[in-house]
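Just below is one structure, and these are the notes that go with it.
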Amino acid sequence: MTTIHTLGYPRIGAQRELKFALESFWKGASSEDDLRATGSALRARHWAAQRDAGLDFVTVGDFAWYDQVQQTAALLGAVPTRYGFDPAQLTLAQSFVLARGNADHAAMEMTKWFDTNYHYLVPELTPDLLDRQWGPGTEWLFDEVREAQALGHRVKVVLLGPITFLHLAKARHGLADKLALLPQVLQAYTAVLQRLAALKVEWVQIDEPALVLDLPQAWVDAFGPAHQALAAAKGPKRLLATYFEAASHHAALIQSLPVDGVHLDLVRAPDQVAAFAPWSADKVLSVGVVDGRNIWRTDLTRVLAHLTPLAQALGDRLWIAPSCSLLHVPVDLSAETKLDDELKGWLAFARQKLDELAVIKRALVEGPAAVQGELDDNRIAIASRTQSRRVHNAGVKKRVAAIRAADAVRAAPYPARADAQQARLNLPLLPTTTIGSFPQTPEIRRARAQHKRGDLPALDYLQRMRTEIADVVRRQEALGLDMLVHGEAERNDMVEYFGELLWGYAFTANGWVQSYGSRCVKPPVIYGDVYRPEAMTVEWSKYAQSLTSKPMKGMLTGPVTMLQWSFVRDDQPREQTALQIALALRDEVCDLEAAGIAAIQIDEPAFREGLPLRASDVPTYLEWAARAFRVSASGVRNDTQIHTHMCYSEFNDILPAIASMDADVITIETSRSNMELLDAFAEFAYPNEIGPGVYDIHSPRVPRVDEMESLLDKAAQVVPVQRLWVNPDCGLKTRGWPEVEAALQGIVEATHRLRAKHANAKRAGSKAAHVEGEMA
């Protein structure tokens, strides 16, 4: 009989119970026993959901207090040495020190989990780990297995695989080769598998998503010996799981591994199963056919047509699952109160995806007639979405199709634009500015919430926001900044604010997903063709500009970021949706210009996040992503200055694409790297203007003036001073006014000092500046 299972389930709870329990514990408002009780209740509820839906196993090992990669490290005994903690006795409080840091220890580094919006804690591998035996680590996994078994569940354990674990880790303090630690890692995994066998666990899902990547040969070669060692452990049966992309380029390797089954993601790569034919007669094939990363209902008719031949060929050896862990989607659609019935009928959250698996299984095992009602309901929902006028707008599609090459190019090259912009803006050498947002006080948040509930009339809300804007403008002028912003008091979130004003977007009430630890996000839903019914920011920026003679930046979120931080429709290429958003933003940019706004910032913090996992797919993505930005920005005159902002730790591999965006000014996060990120821009000879951040807004610490002056000196050594701007690393929304004003005062003072050192230099925008810039 066909087996159905899930690779993982959301851990936060339908009402974000884990988030609130964690934050209560961290504040000292509740005990560790209280926190553990919440975790136990959530696990029991989630296992019951899997059982009640008819899954053949419940998945154990997907729960984590903060992050599953950190918990894997704790299980293996791979706690970073610098903390001085005993791996075998690691307490819950100590595990939070690893994740969050304290006065004595910096937190572990955090980065994106493959190409998702989830963040994991990066394991730290140091040379001293070569000389010690790994394990035993903490007992959490075995405790949770016993917990599930005590509730009567049939258990399948999920465990991050050894090669992916090492690949995701970082070598530190001179460790030359992460793979040198493979023997220690395998020793620990062997002990874990043997413990699981003693607990009568039937199956262990070994997650090796690194197999979808372009791996160096040494890493490819490591899979064979590693999984031979796991096989020798005589543990439970092992299901090797790959996801997020095709693993077909490693098909021969995967087929050779001594595992009992393999999971393939057929949502991201539906054709890859052919590369594995003929399937081994003694192995299970698990196919991921329900999308674990998006919120749309599965087209069950299409999936069954695909699976029926596989079911006939494999029989009981066919397993069915989501494409990946359901960690990346909200928990339960039944908790959703904000969406209308039509749109809600197109969606499936984690709990509903379990039900979809059950329908697929019954249709394959008992025949479609056994679930005819469910299949008919699914067909109606799929047809409704396909044919809905809310989804399809002929005018939007026609406008995208009509985009010409000239629509994605500024009227003149940068040097000519720089002349026109300097003539209009008359900026000094090393102009000072900020990234956009200013502190959001409790009063600001309260006014927004009251207005949203209908408790604060529109005119009263407008006046309160105008008062905040006037205060922000006054403070910036008093500080002596050169280019001002309005402060974004009216915005709760840089994507949600615009999404609420664009057609084609919808917002859930409880569509929360975990980003990391206790941080949850509620991505908007792009369900249809996107267009702008009316101006979104013009009146705010126009009012702010009326208060000052200094230039005021308009502030927008770019098309790629609007795309990346949303649940995106899956019925057309992402490029098309990005271009629709770009055209909506283009209209806003042109309206801002017409209202007298001379500088417009189009933020793209998620530009790099969209990079595909496979190198062969990267050029296509970068081409359309940069084009979408240019479409949004290229409708303005030469004397209107276009800014963008990005915050990454690595630019080298995407610098040509960033240059092709052709923003007049790019501001970047550099203070934490001590300006080292600028080296890449210098080596590439980035042609336009750059604003390297000199103040780390993520820290409450206010840097000294001499520190910021030193950072600017370093910046001026790698980028011509004529093209340098001075700014913080990022927006100031989360900081308090006292530290913000102190830091900005320091920025202005450091800038004055640097201007004195370069008194003879000319700003970009004069012929003399072009010559000097070329000579620098």
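Even glycines carry a Cβ here, placed using N, Cα and C.
Among the candidates CYS590, CYS730, the residue that Swiss-Prot names alongside HIS645, CYS647, GLU669 for the Zn(2+) site is CYS730. Between the candidates ASP332, ASP591, ASP603, Swiss-Prot assigns the L-homocysteine site shared with ILE435, GLY436, SER437, GLU488 to ASP603. Record check, Swiss-Prot: 5-methyltetrahydropteroyltri-L-glutamate site residues include ARG16, GLU17, LEU18, LYS19, LYS112, ARG519, CYS520, GLU609, and the candidate from TRP47, TRP140, TRP203, TRP565 also listed there is TRP565. Neighbours of the Zn(2+) site: apart from HIS645, CYS647, GLU669, CYS730, residues of the same chain with C-beta atoms within 8 angstroms of the site's C-beta centroid are ILE435, PRO605, MET646, THR667, ILE668, GLY693, ASP729, GLY731.
Spatially, by CA atoms, the binding-site residues ARG16, GLY436, CYS520 include one closest to GLU669 (Zn(2+) binding site), and that is GLY436. Per Cα geometry, HIS698 is the residue among the recorded positions LEU18, LYS112, CYS520, HIS698 nearest to GLY436 (L-methionine binding site). Residues within less than 8 Å, Cβ to Cβ, of ASP603 (L-methionine binding site) and separated from it by at least 6 positions along the same chain comprise GLY436, MET494, MET555, LEU556, THR557, GLY558, THR561, THR644, HIS645. Comparing CA positions across the recorded positions SER437, HIS698, CYS730, the one lying closest to LEU18 (5-methyltetrahydropteroyltri-L-glutamate binding site) turns out to be HIS698. For the pair CYS730 (Zn(2+) binding site) and ILE435 (L-methionine binding site), the Cα-Cα distance reads 6 Å.
Residues THR434, VAL485, MET494, MET555, GLN601, HIS645, GLY731, LYS733 surround the recorded L-methionine site, their Cβ atoms falling within 8 Å of the Cβ centroid of ILE435, GLY436, SER437, GLU488, ASP603, which are themselves excluded.
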